[in-house]
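J.: Pulled the feature table from TrEMBL, pasting it below:
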TRANSMEM  172-194  transmembrane segment
TRANSMEM  256-273  transmembrane segment
TRANSMEM  280-300  transmembrane segment
TRANSMEM  329-351  transmembrane segment
TRANSMEM  463-495  transmembrane segment
DOMAIN    519-736  domain 'STAS'
REGION    561-584  region 'Disordered'
COMPBIAS  562-584  compositional bias 'Basic and acidic residues'
Amino acid sequence: MRVRDGYVVHREVLDESRLETVAQKGTWSTKPTVSERMKDMLRCSVSQVKNVLLTWIPILSWLPKYPFRENIISDLMSGCSVGIMHLPQGMAYALLASLRPVLGLYSSLYPVLVYCIFGTSRHISIGTFAVISIMVGSVTERLAPDSNFILNGTNGSEIVNLAARDSYRVQVACSLTVLSGIFQLLLGLVKFGFMVTYLSEPLIRGYTTASACHVCVSQLKYLFGVKPARFTGPFALVYTLVDVCRLFPQTEIPELVVSLVALAVLIIVKELNDCYRQKIPLPIPIELIVIITATVVTYFCGLNTEYSVDVVGEIPTGFKPPRAPDTTLFSQLIGDAFAVAIVGYAINISLGKTFAIKHGYKVDSNQELVSLGLCNTIGGLFRCYAVTSSMSRSLVQESTGGKTQVAGMISSVIVLIAVLKIGSLFEDLPKAVLSTIVFVNLKGMFKQFMDLPMLWKTNKVDLLVWLVTFISTILLNLDLGLAVSIGFSMLTIIFKTQLPRYSILGNVPGTELYLDIDAYKEAKEIPGIKIFHSSATINFTNAEMYLESLQEKSGIDIGKLQTEKKKQEAKQRREQEKQKKREKDEAKKNVCILLNKNKDNQNGVVLSMPDTDSDISGKGQINWGYHSNRVTSDSDSDSYEVFTVDSNQGEGGKKSCCRSGTHSIILDVSVTSSMDTVAVKTLKNIFSDFGDVGVTIYLAGCQACVVEQMERANFFSEAVPKSCLFVSVHDAVLHIFKKLGQEDNDFDVSCVTQM
């Protein structure tokens with residue numbers, strides 16, 4: 001019933017047993033049985049085949065409905081812009097993977113077409129990406145180092161067989177790509193897309209930031225024209241950076257000049273693109289312009305021959321036939337392939353969901369895993385290396401008006417033309433220019449350092465995850481760094497469950513609200529009732545801490561009270577024994593008096609009894625049990641006020657013993673989503689131990705699934721009936737007042753709630 005801006009609720013107090021009756025709880029299950037699901041899976045019909053095809057091949061669902069007139073212009077402009085970006089980025093990122101630039105162009109073609117068919121995101125741009133490229137490069141350089149391909153030259157000099165080295169590196173990269181694609185496919189088929197939720201955003205951002213540092217250090221040799229030694233394993237980045245600094249005196253000035261000029265032009269024009277992106281229809285393709293200009297200048301000025309500027313070299317045109325991966329390498333690539341699969345998928349799904357939320361459509365996490373797996377598996381057969389979505393290209397595709405995956409198809413056409421016709425024109429392109437393109441495109445990832453002050457203000461645990469991920473990835477390399485960061489992230493989850501916040505709740509007068517008395521000034525404790533709340537699910541990791549905090553917050557030390565109870569019972573037994581002895585002595589004395597009286601009466605003498613004991617109604621004996629109606633505790637327990645209360649008006653009609661006036665405790669378990677055997681046993685012990693010292697325990701806010709788990713664990717019994725479970729804390733409080741005959745209590749806890 002509405003009352004102005006508030007509400008009033010009229011209903012009976014509901015415990016669990018009454019709730020099951022009122023709400024008509026059933027034992028039926030709406031889930032199909034295993035046999036029914038198997039029959040449904042094996043049943044073949046036209047509609048079922050159609051649904052399977054539309055689920056696994058999303059292009060069949062959206063392409064027939066494609067609004068050609070409305071979207072084609074936007075998709076065409078977006079596809080051309082992204083395709084132009086693919087050319088320089090594909091060649092530049094191939095250097096990160098220690099591969100020939102043409103493989104970067106292949107990786108910008110085949111996987112994009114595959115994703116257009118099987119992907120569900122309309123805005124992400126699949127292709128080469130700096131982080132994945134550096135992960136692939138670390139593997140290719142480890143398994144195919146220059147030292148394995150050294151030939152003896154003239155005059156005793158040693159030269160590297162570049163053709164054999166590059167061929168083997170392609171084999172390693174393609175095998176790694178196929179294996180990572182297989183991992184992604186298998187995980188997608190078993191609906192394991194949810195696993196990316198264990199890679200938190202701070203972890204991903206810290207990892208990509210550290211990867212950006214690896215990328216920068218790996219490209220310094222091209223910028224300065226030096227040749228540092230190759231290092232692997234932990235601290236490889238530090239050793240490489242130290243070696244580059246050592247080689248600074250050997251810097252090739254022509255390459256440094258080319259790098260600085262290209263870097264300055266790229267930074268200035270990209271900043272102009274950012275400033276005027278609302279005013280210009282398409283961003284200036286400065287990367288492509290720089291590549292063309294640098295190639296022309298190098299060719300006509302002879303920078304390669306005259307000044308020894310390192311250039312890209314031969315870029316073959318056309319395509320190679322597909323080739324099966326070298327399966328003998330799989331055993332050496334399993335760990336790296338799994339890391340590439342997980343990181344690639346995490347980056348892909350995070351970008352995909354970001355654009356999906358912004359534009360109001362849904363991205364299927366499992367289908368994205370399958371589509372990315374197909375991109376890598378099929379791409380690896382055609383000499384592509386591992387791919388994922390690119391942040392910079394995806395932003396361009398979205399900002400230039402891209403509506404659907406058609407934009408990706410158009411960008412593939414641009415790359416196709418480059419591979420078939422104009423790829424060989426870039427053979428004189430300086431590698432230093434490609435390195436500057438890599439540097440500039442890392443700007444977005446380096447901006448993630450701004451996460452640190454934000455996380456410091458909002459969440460210290462997430463800040464710690466970010467820092468541990470960053471530092472471990474910097475020092476231990478990309479593979480070990482990822483493993484350490486995931487392990488640490490899992491530890492934070494464990495610590496959060498083991499260190500929940502425990503609080504005592506109080507009632508906001510005139511309402512049914514119960515809030516933390518330490519956080520809310522208006523929340524008042526109800527006399528005689530403690531309402532205990534935990535911010536986390538009760539399970540085996542924190543069950544013991546839950547019991548300890550309950551005793552601490554309620555001020556009831558079970559161990560000490562049980563000791564006091566034993567002392568009290570022992571003292572009562574001693575008093576009873578003394579009383580029995582006095583009764584026997586009095587009985588003997590009375591018998592003697594009666595015998596003497598009878599004898600004196602026979603002799604004519606009358607004896608009068610004292611008046612002090614004349615209140616025994618002429619029974620002739622005294623019952624001293626009625627004279628001792630107050631039991632006090634020993635002198636060493638001054639802080640514990642132990643007294644007896646007749647609870648015949650309550651449940652069970654037992655004597656109740658309370659400490660400091662607390663006669664009832666309500667456990668608010670509304671946040672508990674599951675109950676393991678340790679938690680059930682702990683709750684049983686709480687009911688038993690507190691019941692022994694006269695404190696009644698109630699549960700409030702149990703979810704239906706938790707109640708079912710408690711039933712299966714045989715939690716309920718005559719000692720712990722379902723009537724001790726209540727729908728809410730307020731129901732439990734009203735029940736306690738009714739039980740104690742305090743329905744008209746002085747404390748303002750009303751049966752009618754209004755605010």
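Each residue, glycine too, has its Cβ placed from N, Cα and C.
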J.: For the domain 'STAS' (519-736), what's the mean pLDDT in this predicted model?
T.: 73
J.: Which one, 172-194, 280-300, 463-495, has the most C-beta pairs under 8 Å toward the transmembrane segment (329-351)?
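T.: Between the stretches 172-194, 280-300, 463-495, 172-194 has the largest tally.
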J.: Excluding the flanking five residues on each side, which residues at least 6 beyond the ends of the transmembrane segment (280-300) place their CB within less than 8 Å of a CB in that stretch?
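T.: The answer is 77, 81, 84-85, 87-89, 91, 258, 262, 265-266, 269-270, 272-273, 309, 311, 396, 399-400, 425-426, 428-430, 433-434, 436-437.
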